[in-house]
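**Q** First, the structure itself, so that you have it in front of you.
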Amino acid sequence: MHPLRTLVIELYDKQVIQVGSFKLKSGITSPIYIDLRVTISYPSLLRQVVACLQDICRSLSYDILCGVPYTALPFATLLSVENSVPMVMRRKEVKDYGTKKAIEGVFQPNQTCLIIEDLITSGSSVLETLEPLVKEGLVVKDVVVLLDREQGGKDNLRKHNIQLHSVLKMTDILEILKDSGRLSADKVAELFEYFHSTQVSSNSSIPSGMASHNLSFEQRLSMIRNKVGRRLLEIVLKKQSNLAVAADVTTSQELLSIASQVGPHICVLKTHVDIIEDWNETVCEQLVHLAKSHQFLIFEDRKFADIGNTVELQFTGGIFHISQWADIVNAHIIAGPGTIQALRKASEHCGILLLAQMSSKGNLAVEEYTQKAIQFAKQYEDAVFGFISMGCIGEPNFIYFTPGVKLEKGGDSLGQQYTDPKTVIGIQKSDIAIVGRGIIHASDRKEAALTYQKACWDAYVQRIGK
Ligand code: S5P
């Protein structure tokens, strides 16, 4: 029998691969569960795994090996011994105490390091290992993985100029399990459908520059340069809420009623002031008063996009005088840095978010655009404290806001695409979830806000492993 076929059947028979309904660490339910840690309990199985990895490693050139902790560590160790190639280890814990090294072992800058991983989904664990290796001057070109779930990892790594080599793909596994009679054709068709529909698209996945940090809001507080950003994190921590509500309603009465209903459960209330038909100064004062008493920030989602001079007028003037009451505004980067300069010049009390990605189908904020937004943010870090993005796309000194969040996945008829809070906060590692119709259209908005608050906060707590 072909060695890969033997391996898959053995992985299934030893229950390394299980089919059923499993709640993953991320909170997502998956019809398949793969626990490659089990392989250390079966030396002959472990030997087969390593032999298959070895077949791929043979064709690559490298000076040093590094396994992604923890499951791939024994694989890397055995490969290291087998090939007499030295190994390094990445420390998994966050290094915030000075002298401890991020990478253990002896190595020289510019040596080529081959990363070994057990299983890849989006590629985020590999990227977490990649970052400290690159920081130490090692060169990483290839990753060898036992199993590719084919959910976006290969593309994500390619964006970092890293090539993924896999022993097995999910498709191969399912075919082998079907052919060997382990799974019925219907079951396999159902699993194919699941993997197809849960593809991590390149827009919702982590683009290059993705942060590998796993720092808590407490740890990040002192890293944020802009004072509105810091104030936001203080509120988030105090209220244990990383929920922003998008109050997309058209009357001031509804806006104020939403602000008082959801106020205790949110850190930010997002407005579109230009859709309120009866906006006036008194409404504005009442909203600001509610923000103070319930302790939330007001984010006017104006999406400034014009040349600096026009933006300054739009921000300070007209009938809305946004600069006088908004704590946060956002801007597209399409017109260049002048937009940011104008906002920064007009108000130092207002923090800026840049639109680096969007939630809507077919949007044009692709990888290169996202990278430009990150570059602008770094340039104006005193005023820009974060992004509108589909997850964490940069470093921990910025805050990531994600719109298009709803407990029920799907979308609307005009291109909005929804992702659930657990995925947005737990997997895509965003910080603040923006929920609109999920709460606004609920029969009991207060209760819905509480449900979302809990879901978003739990996902955050689980992510940082508190
Ligand atoms: O890419 C984006 C950016 C934003 S700010 N996609 C979005 O949906 N938004 C805003 O988030 C949008 O303008 C709306 O106010 C909110 C989403 O509302 P929902 O009702 O679809 O949750």
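We number each residue from 1, going along the chain as drawn.
Placement of Cβ uses the backbone N, Cα and C atoms for every residue, glycine included.
Note that the coordinates shown come from a computational prediction; the quantities given were computed from them, not determined experimentally.
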**Q** Which candidate from LYS227, LYS270, LYS378 does TrEMBL annotate alongside ASP248, SER359, GLN416, GLY436, ARG437 at the substrate binding site?
**A** LYS270
**Q** Show which residues of the chain containing GLN416 (substrate binding site), separated from it by at least 6 in sequence, have their CB under 8 Å from its CB.
**A** SER359, SER360, LYS361, GLY404
**Q** Specify the nearest of the binding-site residues ASP248, LYS270, GLY436, ARG437 to LYS303 (active site, for OMPdecase activity), where nearness means the distance between Cα atoms.
**A** LYS270
**Q** Given the substrate binding site residues ASP248, LYS270, SER359, GLN416, GLY436, ARG437 in the record, what is the largest Cα to Cα distance, rounded to whole Å?
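**A** So the binding residues stretch over 17 Å, Cα to Cα.
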**Q** Do you know which of the recorded positions LYS270, LYS303 has the most other C-beta atoms within 10 angstroms of its C-beta?
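**A** Ranked by Cβ atoms within 10 Å, first place goes to LYS270.
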**Q** Distance check, please: Cα of ASP248 (substrate binding site) against Cα of ASP301 (active site, for OMPdecase activity), rounded to an integer number of angstrom.
**A** 10
**Q** Could you tell me the C-alpha distance between ARG437 (substrate binding site) and ASP301 (active site, for OMPdecase activity) in angstrom, no decimals?
**A** 15
